[in-house]
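**Q** First, the structure itself, so that you have it in front of you.
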Amino acid sequence: MSILYNLNQINATSVCVFVLFSFSQEACCAYVLMVTAVYWVSEAVPLGAAALVPAFLYPLFGVLKSSEVAAEYCKDTTLLLMGVICLAASIEKWNLHKRIALRMVMIAGAKPGMLVLGFMCCTVFLSMWLSNTSTTAMVMPIAEAVLQQLICTGLADSHNDSETAEAPEDDGGTSYSQYPTKRDHMICKCLSLSITYAATIGGLITITGTSTNLIFAEQFNTRYPDAKVINFGTWFIFSFPIAIIMLILTWLWLHFLFLGCNFRETCSLSKKRKTRREMLSEKRIHEEYAKLGPISYPEVVTGVFFILMTLLWFTREPGFVPGWTSLFEKKGYRTDATVSVLLGFLLFLIPARRPFSSSSSSKDDDPLAPMITWKDFQRLMPWEIVILVGGGYALAAGCKVSGLSVWIGRQLEPMSGLPPWAVTLLACLLVSAVTEFASNPATLTVFLPILSALSETLLINPLHTLIPATMCVSFGVMLPVGNPPNAIVFSYGHVKISDMVKAGFGVNLIGVAVVMLAITTWGVPLFNLTEFPTWAVARNVSGSL
């Protein structure tokens, strides 16, 4: 294996030298794109390391100057992500996420169907603002505690209450193979899978919900600077109905697959229909919530910042009325990142202790300790994703400058006879298949320039293909390697790969169908998809020159 690896390295170096002295800029850029894509798909090196390939190959090939490549690695979305991570660090530090999750589950109740729906709703909500991976890692221990209570109560019942069963301690993902009944095992499967799917659905709703949304937003705004159509508000208006429909259909699909069709039995809110085990599960949830104590001052501050950030994002440029940016004389200077970084910075300044508090503190307590520290921020900040996204921007810039995008568009001209919906459907199916085996950000980074060039060549509004492809790239839900939330859920041992494939295939089809429904109905007036926009015409003309 080591000999083959060394031979591959020698061949790659030889090809690199050959391309350097023999081919045009388009060929050099294509080579860089292919090398980076191979490293991303194979994961022979870390994704962040592979994203640095354009940083040294583009200058060597004369495609972009080193200073120009470096500028691509830190964009507006990087600052946006940093501000959001500051808020996420505060949410985690003060356990606001746990309070929200437990409260929503308490409202839903302990009936299996309603329990699954309750966990899905709270996971979707949290995943709108936190990363899918962080959300899954937060919610799964809570769900596991409920499931272990269910298992232990079932074991006690099977022994005719002859002995008291204590819930096993949660050690961060230990799997238990003994289930009282097959139905209990099915409940564990259903609840576990519902959390990873709900995290994926929640990540679709906001432009900051997942890294692929940020990659799309930055690449789109860089390629089409005159298009002022993608912001927090327009994305939310388009994606929120998609998430609601997907949430309901995914819940129904999982319920049918694992719990059957007796919704009256599994979803009843009547106390008369609750079994002893369900009442004990509810008791466990209430006990976990009671451990949090009364809501604290830092939780209140975090909640206020959360609401304030959302409102400022929505009202910056809502579209149908003038936003708060119209109050400034100079236009175009303030973005969603401005709000994000400002509020994130304030979290480092505001003390976590209530002002004028009369409560005494120990000698180790600092009365001026801030809401979050730099260590809290560093613990959550995904620097690898930042570099990965920057590598994607660098690749896109190289494709534009070298003329590779125009060349790719010309090769795709035979597809001009297809209607827009067919082109979009093919793109959705392709990216959703590839992302099962490659990382979501890497897949989208490779496909965005190609789909942009295709749309320009076929005179289709680029948003008609780019938005659905961006959403469908998140549907890598059939395998544990598809995305980190899948791996987290799989590690708890309740589901097998066959369970994930069977359930994930249905969720994948649901996702593609709902996204296609959205882009052909309410997406049309929202983004004016019936016309080839002037901002794309300008890009197409300049690219052809």
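Residue numbers in this text run from 1 along the chain shown.
Here the Cβ of each residue, glycine as well, is placed from N, Cα and C on the backbone.
As annotated in TrEMBL:
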| type | residues | note |
| --- | --- | --- |
| TRANSMEM | 12-33 | transmembrane segment |
| TRANSMEM | 45-64 | transmembrane segment |
| TRANSMEM | 70-91 | transmembrane segment |
| TRANSMEM | 112-130 | transmembrane segment |
| TRANSMEM | 195-217 | transmembrane segment |
| TRANSMEM | 229-254 | transmembrane segment |
| TRANSMEM | 295-314 | transmembrane segment |
| TRANSMEM | 335-352 | transmembrane segment |
| TRANSMEM | 385-409 | transmembrane segment |
| TRANSMEM | 421-439 | transmembrane segment |
| TRANSMEM | 503-524 | transmembrane segment |
**Q** With pairs closer than 6 in sequence left out, are the transmembrane segment (229-254) and the transmembrane segment (112-130) joined by 3 or more CB pairs under 8 Å?
**A** yes
**Q** Against the transmembrane segment (70-91), which of these stretches has the most C-beta pairs under 8 Å: 45-64, 195-217, 295-314, 385-409?
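**A** If we count Cβ pairs closer than 8 Å to the transmembrane segment (70-91), 385-409 scores highest.
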**Q** Three or more CB pairs closer than 8 Å, sequence separation of 6 or more: does that hold for the transmembrane segment (229-254) against the transmembrane segment (503-524)?
**A** yes
**Q** For the transmembrane segment (295-314) and the transmembrane segment (195-217), check the count of CB pairs under 8 Å (sequence separation 6 or more) and say whether it reaches 3 or more.
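**A** Counting Cβ pairs under 8 Å, fewer than 3, so no.
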**Q** Sequence gap of 6 or more, Cβ distance under 8 Å, 3 or more pairs: do the transmembrane segment (45-64) and the transmembrane segment (335-352) meet that?
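**A** By the criterion, they do not touch.
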**Q** Same-chain Cβ contacts of the transmembrane segment (335-352) under 8 Å, 6 or more residues past its ends?
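**A** Cβ under 8 Å, 6 or more out: 76-77, 79-87, 89-90, 94, 207-208, 231-232, 297-298, 301, 305, 308-309, 312-313, 316, 367-374.
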**Q** Near the transmembrane segment (195-217), which same-chain residues lie under 8 Å Cβ to Cβ, leaving out any that are not at least 6 residues past its ends?
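**A** Distant contacts of the transmembrane segment (195-217): 77, 80-81, 84, 119-121, 123-129, 131-133, 135-136, 139-140, 143, 230-232, 235-236, 239-240, 242-243, 246-247, 250, 254, 336, 340, 382, 385, 388-389, 392, 440-441, 444-445, 448, 466-467, 470-471, 473-475, 477, 483, 485-486, 488-489, 503-504, 507.
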